[in-house]
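Student: Below are the features listed in TrEMBL for this protein:
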DOMAIN    A:35-108  domain 'Ribosomal protein/NADH dehydrogenase'
REGION    A:134-157  region 'Disordered'
Amino acid sequence: MTSRGTPSRFLQSVLQNGVGRYVCQLKRLSIIFSKNAQSSLGIRGFIEEGVVDYAKYNPSTVVYVSPQPCRIPKIVAEYLNGNVREEIVTGKTSIQISEVLTKLTNQSGLDIIRLRKPFHTDNPSIQGQWHPFTNRPPCIGPIRPQKQDAEQGLSNI
Amino acid sequence: MVFLSLSCWIRSRGPDRYWKIQEIVKNAKHFRGRKNRCYSLAVKAVRRAFVYATKGRRLKKRYMRTLWISRIAAASREHGMKYPVLMHNLTKSSVQLNRRVISDMAITEPRSFLSLAKVARARQQEGFRAALGDGKEPVGVFSRVVLLQ
């Protein structure tokens, strides 16, 4: 995985999210599981006990529960910027699935690729960015017209 | 007549060839020439690229440090000091800023960098006075800073 071959991005928040009100970036959660398969045991347990509390705790996220005949249970998370993330939860316990859900809730929908820097500022320079004249002393005196001797000498010529 | 053995002659020789090739060729898409398309050339090129990437991760740390050091040296020479003098006196005054932060300060906060240079200069003068004077008067404020480990 080279740095040029794989995509990368800078650290950012979605529209300066925490500055004013915090908006949860998770739009929709679809829990796809099977009613009888053994791999969805943890999911079924989570749906019995934890889903309603989760939905009450996060009123801005819509939770869809869809039992289907499927081999691998999945949680599909859609974010406000349109990114879709699928987590496969075969064989996980109810507690592990709630941890997965908290992780998905806390994520913004930005791509999970290499971050170029672990920090970001909009205003990196407070005292003024350096330029070649910052540390040079200013000119000796105020700018005035030339001396009168020089003027008389020029007029004589 | 019934041909029963005909169907036994049809073999599926691995259904995943396309994806196995794509797994490697997708890392070569930004290369030049045929090595971004043809598998046998791409394999060699991608392996080299990964080896260079591994080696480069260790070299990047060295390059960044030399870049910071050259920037701090240039900035301190603007204020009439040299890099080793600046860093040595800053460590003696227990200023534990690393080179990355000091180089960023030299670029974005030139006045704070000037104050750091003045601290280093004061500590240097105190060191000279302590070495040459050998008197019992207290040397100065900066040399009495407790050095943290």
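Positions of Cβ are set from backbone N, Cα and C atoms, glycine also.
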Student: Please give the average pLDDT for the domain 'Ribosomal protein/NADH dehydrogenase' (A:35-108) in this predicted model.
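Tutor: Averaging the confidence scores along the domain 'Ribosomal protein/NADH dehydrogenase' (A:35-108) gives 95.
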Student: By DSSP, how many residues in the domain 'Ribosomal protein/NADH dehydrogenase' (A:35-108) are helix, how many strand, and how many coil?
Tutor: 29 helix, 17 strand, 28 coil
